[in-house]
């Protein structure tokens, strides 16, 4: 992890494209974008077909419109969300407020965890509907249907990795906050430092003073 709050460099640095593209969450997010693009493109392109006795288009997944709607919806939203968080990753190091960084990382964590679950549901749903589809009802789009199912399966892992990376950044930010703002507990075994001994300074007679000598006895007055 880079130094700084929530896994990013301190604010104020210049943007480094090579360093940005080498970040694990950026690479995984780009992969997730490509997978989502393939899924909804397959459904939009060849996810609807007609049967022999009708010209009306039906969803290729067992003629279940909900299957096509669900697969295309999570694919489009996953693509848009990946693009949004990719922009956030690009400008994340320019955000100086640690609270704003925390909320963005939490949003990334929650969304990635939710979409991991939704991709799992989508994979199971599409697989179930495809298994129930009659081969004679599929004139075109069989390969696209299989591709949508396959890349839905891969999306489960890509979004799971994104959730894990977001959690690591969140934990790094919390640990840094604790180290910086919580006073450490003193060690009872550590001896207290001794106070320096007071130095005794010799008394010095102040300047511009005369010694007053006192003599005992009578002194005769001067004779003129």
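Cβ coordinates come from backbone N, Cα and C, glycine included.
When averaged over the domain 'MARVEL' (20-171), pLDDT in the model lands at 92. Per Swiss-Prot, domain 'MARVEL' is recorded for 20-171.
According to Swiss-Prot, the feature N-acetylmethionine maps to 1.
Among the features that Swiss-Prot reports, phosphoserine is placed at 3, with the record citing similarity to another entry.
Remote same-chain residues near the transmembrane segment (31-51) are listed as 57-61, 68, 71-72, 74-76, 78-79, 82-83, 86, 137-141, 143-145, 147-148, 151-152, 154-155, 158-159, 162 (criterion: CB distance under 8 Å, separation of at least six residues from the stretch ends). Feature annotation from Swiss-Prot assigns transmembrane segment to 31-51 (among others); the stated evidence is sequence analysis.
Swiss-Prot lists 72-92 (among others) with the feature transmembrane segment, giving sequence analysis as the kind of evidence.
As annotated by Swiss-Prot, transmembrane segment applies to 105-125 (among others), with the evidence given as sequence analysis.
Swiss-Prot lists 147-167 (among others) with the feature transmembrane segment, giving sequence analysis as the kind of evidence. Sequence-distant contacts of the transmembrane segment (147-167) (same chain, six or more residues past either end, CB-CB distance under 8 Å): 24-25, 28-29, 31-32, 35-36, 38-39, 42-43, 47, 71, 78, 105, 108-109, 112-113, 115-116, 119-120, 122-123, 126-127, 130.
Using a Cβ-Cβ cut-off under 8 Å and counting only residues 6 or more beyond its ends in the same chain, the transmembrane segment (105-125) has close neighbours at 6-7, 25, 67, 70-71, 74, 77-78, 81, 85, 88, 149, 152-153, 155-156, 159-160, 162-163, 166-167, 169-170, 173. Under 8 Å from some Cβ of the transmembrane segment (72-92) lie the Cβ atoms of residues 8, 15, 20, 23, 25-26, 29-30, 32-33, 35-37, 39-40, 43-44, 47, 101, 104, 108, 111, 115, 118-119, 122, 155, 159, all in the same chain and six or more residues away from its ends.
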